[in-house]
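Undergrad: Dropping the structure in here first, questions after.
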Amino acid sequence: MKRFVVVDLETTGNHFKSRDKIIQIAALVIENGEVIEQLSTFLNPKIPIPKFITELTGIDSEMVQHAPLFEQIADELHTLFDDAIFVAHNVMFDLSFLQEEFERIGKPKLNTLSLDTVELTRILFPTLNSYKLSDLSSTFKIEHTNPHQADSDAEVTAELLGILLKKLHSLPYATLKHLYTISKQLKSDLHFYIGNLLDEKSLMMTSERDDIIEYRGIAIRNEKFHLPQEDENFNDIHTFLVEDFDEQMDALVEFYHPRNEQKQYITDVYTSLTNDQFLIAEAGTGIGKTIGYLLPSAYFSKQKNKQICISTSTIALQNQLIQNQLPLLRKLVPFQLRVASIQSKRHYICLQKFEHILREDDDNYDLALTKAMISVWLTETTTGVLDEVSLPSGGYQLWNRIGCDDDSENRRGNPWYSKCFYQKAKNDLLLADLVITNHAYLLSTIQKHENTLQSVEHFIIDEAHLFEEVAGRTFGSSYSCIKYNQLLSRLNTTDSVDLINKLYHNVQNNNVKQNWWKKTDYYVRELKFESDELFRLIKDFILINQRDDNKDNIRYSLAINHKLKKYSKWQVLKDSFDRFEMISNNFNKHCEEFIIKQETDQMSAYIASMINEFKMIVNELFQMKNELKEILFEENEEFVSWMETEAKGSFHSTFLYCERVKNQEMLKEFLFDKAKSILCTSATLSIQNSFDFFKNELGLTDYHLVEKIYSTPSEFKEGVTVLIPTDLEGIKELTQEEYAKQTGDYIFKIASKVNGRTLVLFTAYDLLKKTYEEVKMHQTEDQSLNLIGQGFSQGGKQRLIKQFLQTKQSILFGTNTFWEGIDLPNDELDCVIIVRLPFTSPEKPMYVAKSRLLKNEGKNSFAELALPLAIMKFKQGYGRLIRNEKDRGYFVILDNRITNSTYGSKFIEVLPNQKIITDCLENLLDKID
């Protein structure tokens with residue numbers, strides 16, 4: 001079938017079964033890739049069009065007043081679908097509306113196959129960040145003149161369909177076979193289309209693509225290995241900086257401006273590498289920090305034949321460095337550069353596990369969609385890192401089953417060993433000049449003495465201000481109620497379709513008695529019951545021990561200490577854990593009896609993989625129980641343990657943590673004493689031109705260090721105006737409600753003056769919540785802004801940022817996680833407002849533990865800990881505003897402690913600005929352009 005009808009509807013709402021009606025329809029008939037017929041018209045719904053629909057589509061009641069009714073175009077519309085496939089972006093919405101309308105007027109429903117371009121795009125382009133039509137039009141460079149109008153959307157969907165079908169037809173035969181099987185579980189009729197395509201391909205004598213190999217029935221990318229060529233002689237880095245650097249950067253980087261600070265930074269990094277020095281380098285905004293350390297690293301590694309490990313704070317930043325900065329570096333250097341990227345093995349797909357999972361046909365929609373996406377992704381990926389795939393929410397359940405583990409590295413038992421992505425990543429390290437990773441992987445690898453990075457002697461720690469914090473997490477332990485329940489749910493019982501059921505039907509032999517399966521069901525149910533009961537008690541225990549002024553927070557935390565364990569309810573919690581532990585120990589022993597009897601080398605690979613998965617889950621459940629026991633009941637002065645839960649929601653949102661209070665000795669033993677050179681770099685490392693706080697945190701005070709600060713270029717400083725209102729009353733003079741009212745009034749007036757595009761940073765959710773409501777009360781029809789608030793708007797941090805970027809005239813309200821790690825383009829962000837100076841909550845367990853240590857040493861915890869941490873975070877908040885020299889904006893401080901306290905000047909001193917205006921709000925508003 002080569003005839004398609006691409007449809008788009010605009011409606012008065014989403015409720016096709018009740019009140020909502022179609023207000024615009026467009027249908028394009030496509031044959032052989034050409035539009036041969038079309039129908040496009042407004043429709044009179046005979047009901048008012050809601051205001052929010054008019055704002056979204058631009059269609060109002062007046063525009064449809066004289067338009068035809070649906071029944072007047074129904075006959076013409078119905079005949080378009082004869083022998084055609086119905087296509088739409090989110091096809092169930094459009095098809096359901098039309099079927100309901102046809103039924104309403106007494107016409108037969110459409111008898112047609114359907115394709116969904118959302119579903120098809122997710123499968124064929126599984127790594128895209130967004131599948132909204134407006135975003136896809138941008139990605140594929142399709143002109144989209146009037147988003148949310150049916151005629152424009154239908155034209156874009158038609159062009160998108162052409163791109164999708166071309167990609168689908170290009171897939172290897174093996175991939176299409178898997179998609180055909182999987183697609184029977186999807187919402188559209190894709191399996192019919194793929195079935196015809198397979199028939200066509202089987203009759204064609206064309207050879208398969210040479211960039212694909214088929215192995216054990218799965219098509220994967222065929223990456224050919226090339227031995228690196230010997231590089232010819234090239235100039236040293238100093239000559240390159242003088243003669244070629246500016247010219248090449250100007251050709252490669254838009255709006256490039258030569259900066260002496262960047263060249264000095266490059267020179268100093270190179271010197272520290274060649275002289276085996278430890279360098280602490282603060283590189284202010286605008287220095288060009290990343291290329292500033294990549295370039296000298298590349299030259300040093302190539303000239304000295306020494307490998308360098310470059311680590312940054314998160315996997316997201318690791319990927320960003322590889323995708324954005326590495327291509328620029330390769331163009332800059334006059335030699336071939338070998339770069340490897342590595343992260344923990346669970347992030348890589350285990351192809352053996354995926355092969356087995358492809359055989360399973362008991363999928364829900366999300367699992368089927370995920371299998372289809374991964375099947376296509378395997379024909380493209382060179383890394384095998386699952387983070388590349390934009391999984392549906394339910395797909396993360398599959399990720400947990402197909403990630404690499406220790407069994408994946410079993411060379412003898414794994415037929416996919418030679419194709420293993422994680423093994424390839426480790427092998428790439430052997431030949432790499434530069435190794436790029438993240439802090440958690442670096443720290444866990446050196447702690448466990450794994451051999452992947454053991455030979456590296458030169459390290460670059462980017463985002464170094466977060467290194468000690470990540471070390472605390474890595475050298476500690478944690479327990480997640482959600483993770484424990486997810487593991488249990490993968491087992492389930494013989495009555496389910498999960499692992500135990502599959503084992504029950506595949507491992508029926510004399511070694512396993514029927515009673516064993518009954519006991520297994522009993523233990524799994526009891527474990528679920530006892531773990532749920534335990535975490536209900538833990539959540540309740542956290543809630544009843546909160547202070548009244550904490551009751552409006554999103555998350556609550558509670559340190560585990562001697563005082564806590566004297567409460568009677570702690571004993572109730574302890575009794576609950578004892579029951580849980582008894583069941584856990586019995587279950588573990590019960591399962592070991594089964595595992596010992598299984599001779600996996602005598603079984604099929606599929607059954608052996610199930611038993612290995614069962615063994616892994618049982619071991620992990622037992623290990624998690626031991627970690628929970630350690631966190632709750634074992635006492636060690638070197639660690640601090642605490643519990644966290646969400647204020648709203650179920651007990652599943654409860655987590656427990658145990659972290660080292662001081663990580664200096666661990667870092668010294670595992671990293672600093674073994675390294676020849678280390679660069680610690682970030683935009684925020686110093687306080688009042690001193691690195692003392694940073695050095696103390698990492699334990700670097702006993703090492704010979706080179707310390708450098710590279711100031712933000714003047715054109716960046718001139719882009720920001722700092723505004724400090726003088727007519728603010730302090731929080732001590734007002735109730736919290738009065739303070740929130742004052743703050744909301746200031747935020748609304750300032751944000752209205754800059755036309756939205758404002759990020760408001762809080763230190764506590766309770767104040768954010770009250771202030772958000774106050775700003776909301778200021779809204780009028782004539783003067784309104786879109787409010788996007790953490791805890792109010794749906795989704796996590798990245799979703800809120802995306803919503804902010806897509807919505808004009810918006811204010812984004814955020815707490816701790818929004819202070820760093822987000823880059824908003826200046827045309828989308830004009831103003832950052834700091835509501836309160838970012839001091840850490842004095843009740844935060846880690847802060848309490850570190851404060852106690854300082855007091856025991858006779859030191860002032862405010863001066864030595866609270867103030868430095870707040871200043872560092874303050875600098876991070878400032879850094880959200882200006883990302884390049886063309887950016888302009890306002891940095892507003894609404895905390896009168898900045899001018900009234902003895903320490904306020906210390907915050908002002910870290911700002912690179914020349915333009916700081918202190919005045920009453922009314923006069924400050926006049927200063928905003």
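Placement of Cβ uses the backbone N, Cα and C atoms for every residue, glycine included.
Below, the features straight out of TrEMBL:
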- 248-527: domain 'Helicase ATP-binding' (DOMAIN)
- A283, G284, T285, G286, I287, G288, K289, T290: ATP binding site (BINDING)
- 462-465: motif 'DEAH box' (MOTIF)
Undergrad: If you count other Cβ atoms within 10 Å of each one's Cβ, which of the binding-site residues G284, G286, G288 has the most?
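TA: Top count of Cβ atoms within 10 Å goes to G286.
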Undergrad: Within a 10 Å radius around the Cβ, which one of these binding-site residues has the most neighbouring Cβ atoms: T285, T290?
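TA: Going through T285, T290 one by one, the largest Cβ count within 10 Å is at T285.
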Undergrad: What is the total of other Cβ atoms whose distance to the Cβ of K289 (ATP binding site) is within 10 Å?
TA: 22
Undergrad: Using DSSP and collapsing to three states, where does T285 (ATP binding site) fall: helix, strand or coil?
TA: coil
Undergrad: Across the motif 'DEAH box' (462-465), what are the DSSP residue counts per state (helix, strand, coil)?
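TA: Once the DSSP states are binned, the motif 'DEAH box' (462-465) shows 2 helix, 0 strand, 2 coil.
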Undergrad: Kindly state the mean pLDDT of the domain 'Helicase ATP-binding' (248-527) in the predicted structure.
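TA: Within the domain 'Helicase ATP-binding' (248-527), the model's average pLDDT equals 90.
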Undergrad: Can you tell me how many other Cβ atoms are located within 10 Å of the Cβ belonging to I287 (ATP binding site)?
TA: 24
Undergrad: Compute the centroid of the Cβ atoms of A283, G284, T285, G286, I287, G288, K289, T290, then list the same-chain residues not in that set whose Cβ lies within 8 Å of it, in sequence order, for the ATP site.
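TA: The surrounding set, listed in chain order, is E261, Q262, Y265, G292, A683, Y710, T712.
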Undergrad: In sequence order, which same-chain residues at least six apart have a C-beta under 8 angstroms from A283 (ATP binding site)?
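TA: Counting only residues 6 or more apart in sequence, the Cβ neighbours of A283 (ATP binding site) under 8 Å are Y265, K289, G292, T681, S682, A683, Y710.
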